[in-house]
Each structure stands twice: as structure tokens, then as C-alpha cells.
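Working notes, structure below.
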Amino acid sequence: MLPVNKKRVEELIGGLAKFGRTDAGITRLAYTSTDKAAQMWLLKQIEYLNLEVREDVLGNLFLRRPGLDPNIPPVACGSHLDTVIHGGAYDGMCGVVGALEALHMLADETLRRSIEVIVFRAEESSRFGFATIGSKLITGKAAPEKFANACRKDDITFKEAVKEWGGDLEAYEKALLKPGAYKCFAEMHIEQGKVLEETGNQIGIVHNIAAPTRFKLHITGTADHSGATPMGYRKDALVSAAKLVLAVETAAINEKENGTVGTVGIVEVDPGSINVVPGKVTLWVDVRGVDTASIQRTLKEIRQAAQGTARTDGVEIREEMLTSDKPVALDEKLAAQSEAICKEQKKSFLHMNSGAGHDAMHMPAICPTTMLFIPCKGGISHNPEEFAKTEAICAGIEVLADILKREAQ
């Protein structure tokens with residue numbers, strides 16, 4: 001196996017970071033022209049690998065290194081290129097660049113199985129309000145109708161974005177992957193937490209991936225003149241919403257021993273004027289964990305708080321469910337193999353769970369799946385300050401390459 005090339009890894013990650021970069025961070029939303037430009041640039045950089053390139057009707061990209069036997073299921077790996085708004089340069093990119101560098105390391109190996117790098121579209125929820133759309137659709141974990149009309153304010157729908165990209169959502173069945181399509185799937189990713197950094201471990205071997213339950217709480221009060229309406233006569237939707245923000249925090253804190261977390265990530269206020277008592281507010285809520293019972297208790301407490309707030313404040317509160325995924329257990333045999341590789345390579349490792357959702361969480365529907373974490377500075381992610389040392393990335397690539405080699409033999 002060839003050695004990992006640190007310079008090439010740095011150049012690819014640094015090059016991708018230029019697409020969508022502003023003073024406030026990197027914004028490269030799925031299916032945008034910036035997303036397309038980043039992908040085209042990357043394909044140009046890796047022409048020397050002579051990979052077979054194809055794109056499905058959803059825009060997911062597949063880069064294949066042919067093996068000796070094209071008739072048996074290939075080994076797959078990969079991640080995503082899209083970012084959150086004002087994000088960093090390493091979330092997703094490490095997994096894509098790492099997978100491609102692993103192929104370079106295996107260039108001199110004769111392998112029976114093909115290896116396929118997948119670049120999933122729309123992993124982040126920043127543009128359409130739904131996460132991991134590309135991987136959900138190709139594994140049959142969701143139907144296209146769920147996302148077709150999804151959009152943020154003043155933006156096109158998901159269906160329109162796919163068409164603008166050059167795809168066709170109505171033909172999505174052509175993109176469906178059947179169980180057994182791959183021998184296995186592996187994803188390398190920054191941890192997005194500080195456990196590896198604080199414990200001094202190089203590799204995180206992931207066993208379970210937390211599932212997000214995402215929903216909106218629509219609070220409807222009465223819009224009134226902010227000067228002429230006495231405090232006792234108000235039905236201020238934002239005040240009620242503030243109580244629910246705290247209720248989400250309290251409900252999650254009550255389950256912190258089980259690793260469940262809750263976040264209100266978006267607050268939409270209508271009409272949003274300084275001289276008007278807010279009449280309508282929408283909260284976007286994210287609850288996630290690896291313990292299903294704990295998640296359900298958290299949701300129950302939030303719903304009880306919403307009912308109580310509606311009653312005491314005289315407002316209407318309606319829940320709109322966006323997605324309710326189940327925690328996912330990854331393949332234990334592959335995890336054991338990762339441990340063995342870490343020991344052979346004399347790399348420190350830790351067995352752990354993922355608090356964040358990833359494309360890898362949907363792949364067990366079609367093949368055994370594993371995931372590797374590498375440390376990132378301060379655990380910071382979804383932030384311009386997101387950073388991972390090149391040495392840390394390359395350590396992960398070395399483990400990933402060994403996994404791919406063993407599985408493709």
C-alpha cells in the first residue's frame with residue numbers, strides 16, 4: 001500500500017474550502033451553483049485516478065475504482081460536500097477527500113472487488129429543512145414526496161433544485177439501491193465533539209448513530225400595536241415561544257445522562273417589526289439521541305409544556321413533524337476489524353457513539369456499515385472555526401484505506 005500524501009490531502013481540502021467562502025465562513029448549500037462548481041473542481045483534480053464516474057437522477061455522485069470482478073458487490077465509502085450556512089472546511093470534506101486519498105494509496109493493489117466513493121447530495125438540512133436527503137432516498141428510507149416541496153423562504157423547492165442540477169426527482173426509482181448493492185460501506189468524519197481531543201485518542205470507532213427527530217412548533221397569538229396594547233391584554237406569540245425554548249432545554253437536560261440533546265435552531269417571528277406584538281412564531285426543534293425511550297420522554301415533556309403554555313397564555317400551538325428517525329446500530333464485525341487495524345497501526349482509539357446524524361446511518365438498510373471519527377479542534381463544527389489537523393485526517397485515512405483493502409480482497 002502506498003503512503004498517505006499529506007500535501008495532496010491539504011490541497012484538496014483547501015481547494016474545496018474556496019467554494020462558498022466568505023468572511024463569515026463557508027456557505028455551500030446543496031444543489032447550488034457553488035456546490036456544482038466544487039464538485040467539478042474536485043473531479044478535475046482526481047482525473048489521474050482514472051475512476052469511472054456516474055451521477056444518479058438525484059445528483060448523488062459515484063466514483064468507481066474497478067476491481068477484477070465487476071459482477072460482485074463493490075465496497076463503498078464516502079461522505080458529502082455541502083455545508084451549513086457559515087460552516088467550516090472539514091465536515092463532510094474529510095470523508096470525501098479521505099476516501100479518494102485511500103484509493104490513491106491502493107493504486108498498486110490488485111483487488112477483487114471494485115471500490116466506489118459516494119458523494120451524497122444534501123446531507124445538511126440548511127437548504128431544505130431535511131438532513132441526509134440523498135442517502136435517505138437511494139436506500140429507500142424515505143419517499144421523494146416527503147421532500148419534493150421542501151424549501152426555505154425565497155428559495156426554490158427540492159424538486160426544482162434537483163431539476164436545476166440536471167436530475168429528475170420523478171425518476172428517483174432509478175437511483176434506488178437494493179440490499180446487497182455493496183459488500184459494505186465506511187464513512188470517515190470529524191467527530192464534531194471534543195471527546196477524542198480531550199482523551200488524546202486518534203480514532204473513534206462508532207457503534208451507534210443518534211437519530212434526529214425534527215419538528216416545528218407553530219405558535220399563534222395576536223399581532224397588536226406595541227404601544228397601545230396593555231401588557232395584560234396581550235397574546236404575545238414570542239413570549240410563549242420563549243417559554244418553549246426553555247422547555248426544550250429543560251426536557252433535554254432531564255435526559256442528559258442518556259445522551260439525549262434538544263435544540264431550537266431557528267426562530268421565525270411574524271411580522272417581525274419593532275412596533276408590533278408578535279402574532280405568529282415558528283420554532284424549529286431538533287431532538288436526538290441513541291436511546292429511543294429517552295427521546296420519547298423528551299418529546300413527551302416538550303409536548304406537555306406546549307399544551308400548558310397554550311392553555312395559560314391563550315395562544316394556539318400546533319406541531320408539524322418534519323422527520324423522526326430511529327437510532328442506528330452499525331456493524332459490530334466491521335467495528336472489530338477497525339479496532340484490529342488501529343492496534344496493528346499502533347493508533348490510539350476509542351469506542352463511541354455519534355451524537356450527530358450522518359449519511360452512514362441510512363446505509364445499514366442495504367449493507368453492513370461502519371464509521372470512523374477523527375478529532376477536531378475544540379469539538380467545534382458547523383462553524384467557521386471548525387478545524388482538523390492534517391496529521392489527524394491522515395491517521396483516519398490510513399485506517400480507512402486498510403478497511404477498504406481488506407474488504408475488497
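Our numbering is plain: 1 for the first residue shown, then up by one each step along the chain.
Backbone N, Cα and C atoms are what each Cβ position is placed from, and that goes for glycine too.
Any TrEMBL annotation is an automated prediction that lacks curation.
Annotated Zn(2+) 1 binding site per TrEMBL: H80, D91, H189, in sequence order. Look at TrEMBL and you will find D91, E124, H382 tagged as Zn(2+) 2 binding site. Taken from TrEMBL, the feature allantoate binding site applies to R214, N275, R288. According to TrEMBL, the feature domain 'Peptidase M20 dimerisation' maps to 214-308.
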Env. residues of Zn(2+) 2 site, Cβ within 8 Å of mean position of D91, E124, H382 Cβ: T83, V84, G87, G88, G92, E123, S126, S381
By Cα-Cα distance, the member of binding-site residues H80, D91, H189, N275, R288 nearest H382 (Zn(2+) 2 binding site): D91
The one of H189, H382 whose CB sees the fewest other CB atoms within 10 Å, among these binding-site residues: H382
Binding-site residues listed as N275, R288, least Cβ neighbours within 10 Å: N275
Binding-site residues near H80 (Zn(2+) 1 binding site), in sequence order, restricted to E124, R214, N275, R288 and a 10 Å Cα cut-off: E124
Most Cβ neighbours inside 10 Å, all chains, among the binding-site residues D91, E124: D91
Structural state of N275 (allantoate binding site), classified by DSSP into three states: coil
Largest tally of Cβ atoms lying within 10 Å of a Cβ, found at which of the binding-site residues H80, R214: H80
Cα-Cα distance linking H189 (Zn(2+) 1 binding site) and E124 (Zn(2+) 2 binding site), given in Å to the nearest integer: 14
Integer average pLDDT (0 to 100) for the domain 'Peptidase M20 dimerisation' (214-308): 98
Residues flanking the Zn(2+) 1 site, with Cβ no more than 8 Å from the Cβ centroid of H80, D91, H189 and excluding those residues themselves: S79, Y90, G92, M93, C94, G95, E123, I190, H358
Composition by DSSP (helix, strand, coil) of residues within the domain 'Peptidase M20 dimerisation' (214-308): 40 helix, 31 strand, 24 coil
